[in-house]
Amino acid sequence: MASVMEDPTLERHFKGHKDVVSCADFSPNNKQLATGSCDKNLMIWNLTPKARAFRFVGHTDIITGVHFSPSGSLVASSSRDQTVRLWTPSIKGESTVFKAHTASVRSVQFSSDGQRLVTASDDKSVKVWGVERKKFLYSLNRHTNWVRCARFSPDGRLVASCGDDRTVRLWDTSSRQCINIFTDYEGSATFVDFNSSGTCIASSGADNTLKIWDIRTNKLIQHYRVHSAGVNCFSFHPSGNYLISGSSDSTMKILDLLEGRLIYTLHGHKGPVLAVAFSRDGGLFASGGADSQVLMWKTNFDSLNYRDLLSRHSKRVTPDPPPHLTDIYPRSPHRHNAQNGTVEDVRSHDRATSGREQPISGPFRTRMRHREEEDEDQEERFAGSMTASREERSGIPSSITSTLENIVQQLDILTQTVAVLEERLTLTEDKLRTCLDNQVLLLQQRQQVDGSDEEAEGPSV
């Protein structure tokens, strides 16, 4: 068995994507890994040795998010083509398209029971979908800028979302209301997720930070600034004791949340790391980035019994002093050569569902790889202009100020009205479908009655 602090090791190196790898997720049985890319393709990598990978073509723009259903029988993907697709992860690669967003869809996730999907979009909304009936259910509208990520709590009763309005919001799915807002950010909030127990949420930001909030007390309990550039993604270890993050500084960081400190810095990608994900059992984790690489690592550093670990560190779960970040193991950069003997090329199997894939030109690829950084620069410039306007507010006539405030209020009311209309249209659709089903049943019953009457009259003639 591995020792407690044995280094993570690079297990496999998957080649198949032709552009930036933007998202990744392991199947529940840990036998497959799904990744999405700016090449518009969804790849399903089979983790058994020498097994063939499958490429699924259907999205018409960059894939931004991917997630396996709890049963592993479906894979959901989100894209900048404003759609969400549900795929069957088999050689057939059949998919169903969900469309209700009016702008790029940034993330997608199944609920723990597999009955719902939650998506985040540049149309400033979070939407919830029904998987079985393959339909839109309702919207959550309070964000005032692009929403970058949305996640269900483990019990499905809450949704956490974050975005370019520099807020992290907590929603009650039963009342469909925003019940809390966390605003301690200097830039865009890029990613959010719940820990395995559902008691805390972590969020990352373009301001290079990682923050963990206790949603029972609404307090910030840990704050890390271990990256030198924006944090794009992170993943909780299933035990809740560790967290791995990926950043535009080209590194991955592994944090010990019980000790409140950084324990590993991993160098495996040439360029920003845009996707990290632990496997469901925590024994593996995957990473993807702007270098088009998909790397799979063996965890190695967590072999203690969780109960023993929690009992020994129960008093340090929420340390009062700031986390100690200078005691880094290993002290020297933890580098892995991507050309070592464990790296294996995986052959891909193409299956086109909507025409031939179109290659992305060099300049366009460069723009897409740096879009995140451009978004952050735009947000900073926007924030600067807003700050300046506030400082000069005293020079603006009060009539103009009040007019602008009224416009903002009317926009909020309009957004709420649209959400209500969406819900009413959904209910109307359900009622119409029920009426049509009832009419079909009545016609069938009438035909059966007419048929029986004819049979009864026949012998009497």
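Using the three backbone atoms N, Cα and C, a Cβ is placed for every residue, glycine included.
Residues annotated as repeat 'WD' in TrEMBL: 14-47, 56-87, 98-139, 140-181, 182-223, 224-265, 266-298. Among the features that TrEMBL reports, region 'Disordered' is placed at 313-398. The feature compositional bias 'Basic and acidic residues' is assigned by TrEMBL to 344-354. Here TrEMBL flags 404-431 as coiled coil.
Here the repeat 'WD' (266-298) has long-range neighbours at 8-30, 33, 35, 37, 43, 45, 47, 229, 232-239, 244-254, 333-336, 338, 369, 372, meaning same-chain residues at least 6 beyond its ends whose C-beta is under 8 angstroms from one of its own. Long-range contacts of the repeat 'WD' (98-139) within the same chain: residues 61, 64-71, 74, 76-86, 145-152, 154-156, 159, 161, 163, 171, 173, 176, 415, 418-419, 422-423, 426, 429, each at least 6 residues beyond the stretch ends and with a Cβ under 8 Å from a Cβ of the stretch. Averaged across the repeat 'WD' (224-265), pLDDT in this predicted model comes to 96. Residue counts for the repeat 'WD' (14-47) under DSSP, helix first, then strand, then coil, are 0 helix, 19 strand, 15 coil. The list of residues near the repeat 'WD' (182-223) in space but at least 6 beyond its ends in sequence, with Cβ under 8 angstroms from a Cβ of it, reads 148-155, 158, 160-164, 166-170, 229-236, 238-240, 243, 245, 247, 255, 257, 260, 318-319, 322-323, 375-376, 379-380, 383. In the repeat 'WD' (56-87), helix, strand and coil residues by DSSP number 0 helix, 17 strand, 15 coil.
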